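Record features (TrEMBL):
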ACT_SITE  ASP42  active site, proton acceptor
ACT_SITE  GLU203  active site, proton donor
SITE      HIS273  site 'Important for substrate recognition'
Amino acid sequence: MKKYVNLFVFVFMIGACLSQGRAQTKSAVSYKNPVVDIAMPDPTVIKATDGYFYVYATESTRNVPIMKSKDLVEWTYCNTAFTNKTRPRFEPKAGIWAPDINYINGKYVLYYAMSVWGGEQTCGIGVATADSPQGPFTDHGKMFRSNEIGVQNSIDPSLLQYEGRNYLVWGSFRGIYVIELTADGLSIMPGAKKKRIAGTAFEAVYIHKHGDYYYMFASIGSCCQGVKSTYKVVVGRSKKVWGPYKDKTGKPMLKNGYSLVIGANDHFVGNGHGSQIIRDDAGQDWLLYHGFSRSTPENGRILLLDQIKWDQEGWPYVEGGSPSYETQKAPVFNN
């Protein structure tokens, strides 16, 4: 997951994003993937109190890059969540992976994983907070390591809020688990027990309520092998938040059942690790996720955007079952 962009690319990104920021006086009416053509892996997004969307990513840019947008299409670089002095250090040689941004009790709360390739026992999940979505974020340190909570490869956190309580969902190819957090979201609720809710095929899980169902969006396959990556977005659903989640055929996700949402095509491959779903002012749902361009895989896992639609039986899909590559109508925001 986790090569840093070089200085030339980083400087180019800042310049390009600043020019986007000057130009963005109203929402875009159309767009074409990618919406960001440099590495922004494992994106997480929030609409902040200032009316902007903020996206955060695994640190291909060191210390967790932050970009902002009015419309999910035109993105402006603004900061990193941490600096070399303030970055988390409970796993000193690790990278900061798969952030998850939330707003709890007037604070921006950023969950993150720290890991190295092969570090499945010592990797873990931490949390940081800020008063502004642009930071600076104050690290509150480790919530748990894999070998402390008894879940190998404890990465890919996401917050689930249900009936006024906070829950952390996490896991990567060693089972997906959930556990209750405290009211401020900064620690495990005393006495809470973890519960397994999906099998070993999945990572990057996010639970979304739509209609009468809860939908477990997840990723399967290999994320990080360029054009050889097999990453895909899949889904299962349940009428109960704790499951059992099942695919279209009725196979439980606990037994690695899933239904495909986003696969590969001739333009983009390795598409996965979707963000929170954002609903626009026209009632349309949108998903940010990463993928590799087959023509420029050296750019890394770039940022893609597509509309999530719902079929007559209530299952999510994107047109064509893979990333759009021609000009599309943009999300509708009455800024």
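Just so you know, glycine gets a Cβ as well, placed from its N, Cα and C.
Note that this is a predicted model, so its numbers are computed, not measured.
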Which same-chain residues, if any, lie at least 6 apart from the residue listed as 'active site, proton donor' yet have Cβ under 8 Å of it: ILE155, ASP156, GLY171, SER172, PHE173, ILE176, ALA218, SER219, ILE220, HIS273
ASP42 (active site, proton acceptor), number of other Cβ atoms within 10 Å: 29
Cβ atoms near HIS273 (site 'Important for substrate recognition') (within 10 Å, other residues, all chains): 29
